[in-house]
Amino acid sequence: MPSTPRQFVLPDLFPLVPFKGSTNPHYVKAAAESSAWINSYNVFTDRKRAFFIQGSNELLVSHTYPYAGYEQFRTCCDFVNLLFVVDEVSDEQNGKDARHTGNVYLKAMRDPEWNDGSVLAKMTKEFRARLLQYAGPGCYARFLKHCEDYVEAVAKEAEYRECGVVLDMASFETLRRENSAIRLCFGLFEYCLGVDLPEYVFEDPTFMTLYWAAADMVCWSNDVYSYNMEQAKGIGGNNIVTVLMQAKGIDVQAACDAVGEHCKLLMERYLDAKEKLPSWGPSVDDAVAGYVQAMEHWIIGNLEWSFETQRYFGAVHAEVKATRVVMLRPREIDED
(Lines of atoms letter the chains of each structure in order from A; the text may use other names.)
(Lines give C-alpha, C1' and ligand atoms only; values in the text may rest on other atoms or scores of the structure.)
Protein backbone atom coordinates (compact mmCIF):
# COMPACT_ATOMS: atom_id res chain seq x y z
CA MET A 1 0.00 0.00 0.00
CA PRO A 2 1.55 3.36 -0.99
CA SER A 3 2.48 5.69 1.85
CA THR A 4 0.80 9.06 2.29
CA PRO A 5 2.96 11.79 0.73
CA ARG A 6 4.56 14.23 3.15
CA GLN A 7 5.03 17.03 0.65
CA PHE A 8 4.04 18.21 -2.80
CA VAL A 9 5.34 20.69 -5.37
CA LEU A 10 3.14 23.56 -6.52
CA PRO A 11 2.74 24.22 -10.24
CA ASP A 12 4.75 27.20 -11.48
CA LEU A 13 1.96 29.55 -12.52
CA PHE A 14 3.86 32.84 -12.83
CA PRO A 15 5.40 32.09 -16.26
CA LEU A 16 1.90 31.42 -17.61
CA VAL A 17 0.70 34.94 -16.79
CA PRO A 18 2.04 37.73 -19.07
CA PHE A 19 0.74 40.54 -16.87
CA LYS A 20 2.64 43.00 -14.69
CA GLY A 21 1.54 43.30 -11.09
CA SER A 22 1.34 46.48 -9.04
CA THR A 23 -0.04 47.72 -5.73
CA ASN A 24 -2.36 50.52 -4.67
CA PRO A 25 -0.78 53.74 -3.32
CA HIS A 26 -3.64 54.13 -0.80
CA TYR A 27 -2.92 50.75 0.83
CA VAL A 28 -1.37 51.84 4.14
CA LYS A 29 -4.01 54.41 5.16
CA ALA A 30 -7.10 52.63 3.83
CA ALA A 31 -6.00 49.21 5.10
CA ALA A 32 -5.56 50.54 8.64
CA GLU A 33 -9.00 52.16 8.52
CA SER A 34 -10.70 49.04 7.17
CA SER A 35 -9.01 46.78 9.75
CA ALA A 36 -10.10 49.13 12.52
CA TRP A 37 -13.63 49.10 11.10
CA ILE A 38 -13.91 45.30 11.14
CA ASN A 39 -12.21 44.93 14.53
CA SER A 40 -14.61 47.46 16.08
CA TYR A 41 -17.36 44.85 15.77
CA ASN A 42 -15.58 42.20 17.87
CA VAL A 43 -16.67 39.39 15.55
CA PHE A 44 -13.57 37.22 16.03
CA THR A 45 -12.35 34.86 18.71
CA ASP A 46 -8.63 35.29 19.49
CA ARG A 47 -7.76 32.46 17.13
CA LYS A 48 -9.88 33.84 14.30
CA ARG A 49 -8.45 37.32 14.83
CA ALA A 50 -4.93 35.93 14.47
CA PHE A 51 -5.96 34.20 11.25
CA PHE A 52 -7.59 37.42 10.03
CA ILE A 53 -4.41 39.44 10.66
CA GLN A 54 -2.27 36.69 9.12
CA GLY A 55 -4.46 36.65 6.02
CA SER A 56 -3.66 40.24 5.02
CA ASN A 57 -6.97 40.79 3.23
CA GLU A 58 -6.23 44.45 2.52
CA LEU A 59 -2.91 43.48 0.92
CA LEU A 60 -4.88 41.26 -1.48
CA VAL A 61 -7.04 44.27 -2.36
CA SER A 62 -3.92 46.37 -2.95
CA HIS A 63 -2.63 43.81 -5.45
CA THR A 64 -5.96 43.24 -7.18
CA TYR A 65 -7.34 46.80 -7.37
CA PRO A 66 -4.11 48.83 -7.78
CA TYR A 67 -5.86 51.46 -9.93
CA ALA A 68 -8.72 52.24 -7.50
CA GLY A 69 -9.06 55.72 -6.01
CA TYR A 70 -8.95 56.12 -2.24
CA GLU A 71 -12.70 55.88 -1.55
CA GLN A 72 -13.16 52.97 -3.94
CA PHE A 73 -10.12 51.17 -2.56
CA ARG A 74 -11.34 51.57 1.03
CA THR A 75 -14.74 50.18 0.01
CA CYS A 76 -13.08 47.17 -1.64
CA CYS A 77 -11.08 46.57 1.56
CA ASP A 78 -14.29 46.71 3.59
CA PHE A 79 -15.96 44.29 1.21
CA VAL A 80 -13.18 41.69 1.27
CA ASN A 81 -13.10 41.94 5.07
CA LEU A 82 -16.88 41.54 5.18
CA LEU A 83 -16.60 38.49 2.93
CA PHE A 84 -13.96 37.07 5.27
CA VAL A 85 -16.47 37.28 8.13
CA VAL A 86 -19.24 35.59 6.10
CA ASP A 87 -16.83 32.92 4.81
CA GLU A 88 -15.25 32.13 8.17
CA VAL A 89 -18.63 31.89 9.90
CA SER A 90 -20.22 29.72 7.21
CA ASP A 91 -17.16 27.42 6.93
CA GLU A 92 -18.08 26.01 10.35
CA GLN A 93 -21.85 25.90 9.88
CA ASN A 94 -24.25 23.29 8.57
CA GLY A 95 -26.30 24.03 5.47
CA LYS A 96 -29.28 25.51 7.32
CA ASP A 97 -27.18 27.87 9.45
CA ALA A 98 -24.95 28.89 6.53
CA ARG A 99 -28.05 29.75 4.53
CA HIS A 100 -29.31 31.90 7.42
CA THR A 101 -25.97 33.73 7.64
CA GLY A 102 -26.00 34.32 3.90
CA ASN A 103 -29.57 35.58 3.96
CA VAL A 104 -28.73 38.17 6.62
CA TYR A 105 -26.02 39.51 4.32
CA LEU A 106 -28.31 39.36 1.28
CA LYS A 107 -31.30 41.06 2.92
CA ALA A 108 -29.10 43.85 4.24
CA MET A 109 -27.65 44.34 0.74
CA ARG A 110 -31.10 44.47 -0.88
CA ASP A 111 -33.05 46.64 1.54
CA PRO A 112 -31.66 49.68 3.40
CA GLU A 113 -34.57 49.50 5.86
CA TRP A 114 -34.08 45.82 6.79
CA ASN A 115 -32.28 45.14 10.06
CA ASP A 116 -32.32 42.12 12.36
CA GLY A 117 -30.02 43.82 14.86
CA SER A 118 -27.06 41.56 14.05
CA VAL A 119 -23.48 42.71 13.65
CA LEU A 120 -23.40 41.20 10.15
CA ALA A 121 -26.44 43.23 9.08
CA LYS A 122 -24.91 46.46 10.40
CA MET A 123 -21.58 45.81 8.67
CA THR A 124 -23.32 44.94 5.40
CA LYS A 125 -25.48 48.06 5.48
CA GLU A 126 -22.42 50.24 6.01
CA PHE A 127 -20.67 48.59 3.05
CA ARG A 128 -23.80 48.99 0.92
CA ALA A 129 -23.92 52.72 1.64
CA ARG A 130 -20.30 53.11 0.53
CA LEU A 131 -20.88 51.06 -2.62
CA LEU A 132 -23.92 53.05 -3.71
CA GLN A 133 -21.98 56.32 -3.64
CA TYR A 134 -20.33 55.42 -6.96
CA ALA A 135 -21.95 52.24 -8.36
CA GLY A 136 -24.14 52.68 -11.46
CA PRO A 137 -27.56 50.97 -11.70
CA GLY A 138 -26.33 48.17 -14.00
CA CYS A 139 -23.28 47.53 -11.83
CA TYR A 140 -25.40 47.40 -8.66
CA ALA A 141 -28.06 45.13 -10.21
CA ARG A 142 -25.39 42.67 -11.37
CA PHE A 143 -23.68 42.84 -7.99
CA LEU A 144 -26.93 41.95 -6.20
CA LYS A 145 -27.46 38.98 -8.54
CA HIS A 146 -23.94 37.78 -7.77
CA CYS A 147 -24.74 38.17 -4.05
CA GLU A 148 -27.78 35.90 -4.45
CA ASP A 149 -25.78 33.27 -6.33
CA TYR A 150 -22.95 33.47 -3.80
CA VAL A 151 -25.26 32.94 -0.81
CA GLU A 152 -26.93 29.95 -2.48
CA ALA A 153 -23.57 28.40 -3.37
CA VAL A 154 -22.11 28.88 0.12
CA ALA A 155 -25.18 27.19 1.63
CA LYS A 156 -24.82 24.27 -0.79
CA GLU A 157 -21.12 24.01 0.06
CA ALA A 158 -22.02 23.74 3.76
CA GLU A 159 -24.61 21.04 3.00
CA TYR A 160 -22.06 19.02 1.02
CA ARG A 161 -19.47 19.44 3.78
CA GLU A 162 -22.03 18.32 6.39
CA CYS A 163 -22.68 15.14 4.39
CA GLY A 164 -19.02 14.56 3.48
CA VAL A 165 -19.80 14.87 -0.24
CA VAL A 166 -17.05 15.65 -2.76
CA LEU A 167 -18.57 16.77 -6.06
CA ASP A 168 -17.72 15.59 -9.55
CA MET A 169 -15.66 17.94 -11.72
CA ALA A 170 -18.48 19.60 -13.66
CA SER A 171 -20.67 20.18 -10.60
CA PHE A 172 -17.73 21.48 -8.61
CA GLU A 173 -16.63 23.96 -11.27
CA THR A 174 -20.14 25.44 -11.41
CA LEU A 175 -20.33 25.72 -7.61
CA ARG A 176 -16.78 27.06 -7.26
CA ARG A 177 -17.40 29.93 -9.65
CA GLU A 178 -20.09 31.17 -7.27
CA ASN A 179 -18.94 30.21 -3.76
CA SER A 180 -15.45 31.57 -4.35
CA ALA A 181 -16.98 35.09 -4.47
CA ILE A 182 -14.80 35.88 -7.48
CA ARG A 183 -17.85 37.16 -9.37
CA LEU A 184 -18.52 39.59 -6.52
CA CYS A 185 -14.91 40.75 -6.63
CA PHE A 186 -15.12 41.20 -10.41
CA GLY A 187 -18.44 42.97 -9.81
CA LEU A 188 -16.54 45.80 -8.12
CA PHE A 189 -14.52 46.63 -11.27
CA GLU A 190 -17.14 48.96 -12.72
CA TYR A 191 -17.53 50.69 -9.35
CA CYS A 192 -13.76 51.26 -9.14
CA LEU A 193 -13.44 52.35 -12.77
CA GLY A 194 -16.44 54.68 -12.70
CA VAL A 195 -18.19 52.88 -15.58
CA ASP A 196 -21.48 51.04 -16.02
CA LEU A 197 -21.19 48.53 -18.84
CA PRO A 198 -24.27 47.80 -20.97
CA GLU A 199 -25.82 44.41 -20.27
CA TYR A 200 -25.16 43.31 -23.85
CA VAL A 201 -21.42 43.19 -23.11
CA PHE A 202 -22.08 40.46 -20.51
CA GLU A 203 -24.25 38.63 -23.07
CA ASP A 204 -21.46 38.49 -25.64
CA PRO A 205 -19.99 34.95 -25.85
CA THR A 206 -16.42 36.12 -26.57
CA PHE A 207 -16.42 38.51 -23.63
CA MET A 208 -17.83 35.79 -21.35
CA THR A 209 -15.20 33.30 -22.56
CA LEU A 210 -12.62 35.87 -21.46
CA TYR A 211 -14.49 36.50 -18.19
CA TRP A 212 -14.79 32.83 -17.22
CA ALA A 213 -11.18 32.06 -18.13
CA ALA A 214 -10.05 34.86 -15.79
CA ALA A 215 -12.44 33.81 -13.01
CA ASP A 216 -11.43 30.15 -13.28
CA MET A 217 -7.74 31.07 -13.29
CA VAL A 218 -8.21 32.84 -9.97
CA CYS A 219 -10.25 29.95 -8.51
CA TRP A 220 -7.92 27.16 -9.63
CA SER A 221 -4.74 28.95 -8.55
CA ASN A 222 -6.33 29.87 -5.23
CA ASP A 223 -7.34 26.25 -4.62
CA VAL A 224 -3.89 24.82 -5.26
CA TYR A 225 -2.32 27.41 -2.95
CA SER A 226 -4.92 27.01 -0.18
CA TYR A 227 -5.19 23.20 -0.34
CA ASN A 228 -2.71 22.48 2.45
CA MET A 229 -4.36 24.91 4.85
CA GLU A 230 -7.85 23.64 4.02
CA GLN A 231 -7.08 19.94 4.31
CA ALA A 232 -5.45 20.64 7.70
CA LYS A 233 -8.64 22.40 8.85
CA GLY A 234 -10.80 19.52 7.57
CA ILE A 235 -12.55 21.61 4.89
CA GLY A 236 -10.62 20.36 1.86
CA GLY A 237 -13.72 18.95 0.13
CA ASN A 238 -14.42 22.34 -1.46
CA ASN A 239 -11.10 22.40 -3.31
CA ILE A 240 -10.24 21.43 -6.86
CA VAL A 241 -7.22 19.43 -5.66
CA THR A 242 -9.46 17.13 -3.59
CA VAL A 243 -11.99 16.89 -6.43
CA LEU A 244 -9.28 15.89 -8.93
CA MET A 245 -7.80 13.33 -6.54
CA GLN A 246 -11.18 11.67 -6.05
CA ALA A 247 -12.42 11.95 -9.65
CA LYS A 248 -9.23 10.63 -11.23
CA GLY A 249 -7.96 8.37 -8.44
CA ILE A 250 -4.66 10.27 -8.25
CA ASP A 251 -2.44 11.57 -5.46
CA VAL A 252 -1.96 15.16 -4.36
CA GLN A 253 1.09 15.74 -6.59
CA ALA A 254 -0.66 14.51 -9.72
CA ALA A 255 -3.65 16.69 -8.87
CA CYS A 256 -1.43 19.76 -8.44
CA ASP A 257 0.24 19.01 -11.77
CA ALA A 258 -3.21 18.77 -13.38
CA VAL A 259 -4.10 22.19 -11.94
CA GLY A 260 -0.98 23.61 -13.55
CA GLU A 261 -1.89 22.14 -16.93
CA HIS A 262 -5.44 23.47 -16.70
CA CYS A 263 -4.22 26.94 -15.75
CA LYS A 264 -2.04 26.90 -18.87
CA LEU A 265 -5.13 26.14 -20.97
CA LEU A 266 -7.12 28.84 -19.19
CA MET A 267 -4.51 31.49 -19.97
CA GLU A 268 -4.35 30.40 -23.61
CA ARG A 269 -8.15 30.64 -23.78
CA TYR A 270 -8.09 34.06 -22.14
CA LEU A 271 -5.48 35.53 -24.47
CA ASP A 272 -7.21 34.08 -27.53
CA ALA A 273 -10.59 35.56 -26.53
CA LYS A 274 -8.97 38.92 -25.77
CA GLU A 275 -7.73 39.10 -29.37
CA LYS A 276 -11.23 38.36 -30.68
CA LEU A 277 -13.29 40.83 -28.63
CA PRO A 278 -15.80 42.70 -30.80
CA SER A 279 -16.12 46.47 -30.94
CA TRP A 280 -19.13 48.22 -29.41
CA GLY A 281 -18.06 51.77 -30.25
CA PRO A 282 -15.34 53.98 -28.70
CA SER A 283 -16.90 54.72 -25.30
CA VAL A 284 -17.97 51.14 -24.57
CA ASP A 285 -14.69 49.78 -25.95
CA ASP A 286 -12.74 52.01 -23.56
CA ALA A 287 -14.83 50.82 -20.62
CA VAL A 288 -14.41 47.18 -21.67
CA ALA A 289 -10.64 47.68 -22.01
CA GLY A 290 -10.56 48.94 -18.42
CA TYR A 291 -12.59 45.94 -17.26
CA VAL A 292 -10.26 43.54 -19.10
CA GLN A 293 -7.20 45.13 -17.51
CA ALA A 294 -8.93 44.89 -14.12
CA MET A 295 -9.34 41.12 -14.62
CA GLU A 296 -5.65 40.86 -15.43
CA HIS A 297 -4.76 42.73 -12.23
CA TRP A 298 -6.81 40.15 -10.31
CA ILE A 299 -5.09 37.20 -11.99
CA ILE A 300 -1.52 38.35 -11.33
CA GLY A 301 -2.38 40.13 -8.09
CA ASN A 302 -3.84 36.99 -6.55
CA LEU A 303 -0.69 35.02 -7.43
CA GLU A 304 1.64 37.63 -5.95
CA TRP A 305 -0.42 38.13 -2.78
CA SER A 306 -0.57 34.38 -2.12
CA PHE A 307 3.18 34.37 -1.41
CA GLU A 308 3.33 37.70 0.45
CA THR A 309 0.74 36.72 3.05
CA GLN A 310 1.09 34.03 5.72
CA ARG A 311 -2.48 32.86 5.08
CA TYR A 312 -1.57 29.79 3.04
CA PHE A 313 2.08 29.00 3.77
CA GLY A 314 2.70 30.54 7.19
CA ALA A 315 6.11 31.93 8.07
CA VAL A 316 7.81 30.03 5.22
CA HIS A 317 5.81 31.75 2.43
CA ALA A 318 8.93 33.26 0.82
CA GLU A 319 10.70 29.90 0.88
CA VAL A 320 7.67 28.17 -0.65
CA LYS A 321 7.60 30.78 -3.42
CA ALA A 322 11.26 30.04 -4.19
CA THR A 323 11.08 26.23 -4.02
CA ARG A 324 7.35 25.57 -4.61
CA VAL A 325 7.69 22.71 -2.09
CA VAL A 326 4.87 22.46 0.45
CA MET A 327 5.05 20.19 3.50
CA LEU A 328 1.64 18.62 4.21
CA ARG A 329 0.27 19.79 7.53
CA PRO A 330 -1.40 17.43 10.04
CA ARG A 331 -5.08 17.87 10.83
CA GLU A 332 -5.72 20.65 13.35
CA ILE A 333 -7.75 20.27 16.53
CA ASP A 334 -10.17 23.18 16.90
CA GLU A 335 -9.77 24.71 20.33
CA ASP A 336 -12.47 27.40 19.96
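Including glycine, each Cβ sits where the backbone N, Cα and C put it.
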Motif 'NSE/DTE motif' range according to Swiss-Prot, out of 51-59, 168-176, 222-230: 222-230
Which range of 62-66, 87-91, 202-206 is motif 'DDXXD motif', per Swiss-Prot: 87-91
For TYR312 ((2E,6E)-farnesyl diphosphate binding site), the three-state class that DSSP assigns: coil
Which of ASP87, GLU230, all binding-site residues, has a Cβ with the fewest other Cβ atoms inside 10 Å: ASP87
Residues flanking the Mg(2+) 3 site, with Cβ no more than 8 Å from the Cβ centroid of ASN222, SER226, GLU230 and excluding those residues themselves: ASP223, VAL224, TYR225, TYR227, MET229, ASN239, TYR312
Euclidean distance between Cα atoms of ASN222 (Mg(2+) 3 binding site) and ASP87 (Mg(2+) 1 binding site), Å: 15
Binding-site residues near ARG311 ((2E,6E)-farnesyl diphosphate binding site) (Cα-Cα within 10 Å), from ASN222, SER226, GLU230: SER226
